[in-house]
């Protein structure tokens with residue numbers, strides 16, 4: 001199975017298009033960021049199970065170690081950038097600030113907030129309690145310095161190694177479609193997008209996989225790979241208590257991982273030293289527009305009856321807790337293996353609480369963030385508690401009363417978020433800290449013809465497609481044709497879900513946005 005997996009990826013790598021960016025240098029590195037393995041609250045398959053009466057899960061061992069895989073770049077004019085794929089559920093702004101602080105003490109002004117991109121794999125099976133915003137800290141019961149320090153300090157050695165190994169580099173690109181690795185978990189929302197737009201795509205999930213291979217320009221040997229594909233890392237459900245990455249990294253008999261085995265195989269092919277401290281081939285599997293894509297390809301069913309769940313509300317007899325999606329394997333470990341094998345084969349800060357813009361000839365503005373009732377319902381990958389349901393656009397008198405105690409939204413806020421009924425008026429909640437970010441970080445890294453669009457949210461399939469197209473058009477309008485644009489979601493920060501306007505009308509799949 002391992003050899004088959006390696007062969008699959010090699011086919012993708014060897015059938016790529018080579019591009020020589022004049023004067024481009026690149027380097028790779030990695031570092032362990034596993035963190036506390038016992039009795040530390042974890043992120044849930046449904047990240048915000050603040051509304052569940054069940055005990056919160058805590059780490060109880062290690063299934064697979066977590067890593068930060070770093071890629072450093074420098075162009076002919078000496079401008080640097082770093083991309084780091086972090087085995088974490090999300091990136092906190094405090095984490096990135098700490099990483100930059102450490103890097104400045106080691107490498108001076110080479111790396112800054114503007115040219116370092118931290119992109120989370122979005123694993124739901126890692127230690128939590130490291131985020132600064134209250135909403136995201138509630139589900140993990142606050143803040144734990146050991147987790148934060150492991151993540152913040154652990155990212156830096158990988159970047160330092162990557163910087164130290166810079167060498168003249170050629171980029172090779174390839175893209176293709178990967179089938180049967182994800183299903184849309186909000187199909188009714190997707191259908192609300194314009195029919196003319198949907199007709200341009202064969203599927204309601206984004207099956208495009210993009211691979212970028214880094215090749216030593218002098219020796220011709222590969223030393224790194226970046227990959228983007230859209231699927232939620234929820235093959236492991238909320239009964240899992242072992243630390244692990246997302247499904248792209250798989251268990252193998254000799255206490256390694258399938259991805260590490262692939263990296264070692266590539267080292268062997270290149271004839272490089274794989275001893276500790278030696279040269280390593282580094283492969284990164286980053287996430288894209290995975291907001292509405294589930295790896296549980298068998299779909300959601302009622303656990304008590306075996307019947308399909310109600311498609312609009314993801315409930316069974318009006319209750320969300322029995323509606324659970326499952327993967328293609330005999331259990332969640334087997335499903336993780338199967339989905340993983342299929343995949344194996346200038347920074348800017350924007351105040352999203354008050355942006356003025358023109359849409360269809362109308363002058364409109366954004367407003368402070370708020371979360372709706374359907375956010376508390378969770379998803380078919382991990383239902384929430386108290387029988388909230390997806391697609392709820394009417395609210396509930398009892399929870400409206402609870403909401404009023406925390407922060408009662410004014411009419412302007414209610415109108416702005418309509419038709420979503422507001423459950424948590426997070427944009428006005430500041431105790432003990434801000435509950436959600438109002439100012440978000442966006443980032444665009446251009447590496448040769450590769451353009452990485454780094455955004456902090458979880459994008460649905462169609463919203464991600466629109467982002468890529470908008471960036472592609474803007475680049476072309478400014479004379480950059482033929483750019484290879486990839487969306488790297490859950491990067492530098494976390495700001496919940498992003499949908500199209502049409503999908504937002506039903507507020508399905510907890511797809512609340514700061515709009």
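Glycine is no exception: its Cβ is also placed from the backbone N, Cα and C atoms.
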Site-mate of 122, 232, 497 for Zn(2+) in TrEMBL, selected among 77, 160, 458: 458
Measuring Cα to Cα, how many angstrom lie between residue 497 (Zn(2+) binding site) and residue 294 (active site, nucleophile)? 14
When you measure from the Cβ of residue 458 (Zn(2+) binding site), how many other Cβ atoms are you left with inside 10 Å? 30
Its Cβ having more other Cβ atoms within 10 Å than any other among the binding-site residues 122, 232, the winner is 122
Given the recorded positions 294, 497, the candidate whose Cβ has the fewest other Cβ atoms within 10 Å is 497
What does the structure give for the C-alpha distance between residue 122 (Zn(2+) binding site) and residue 294 (active site, nucleophile)? Integer Å is fine. 13
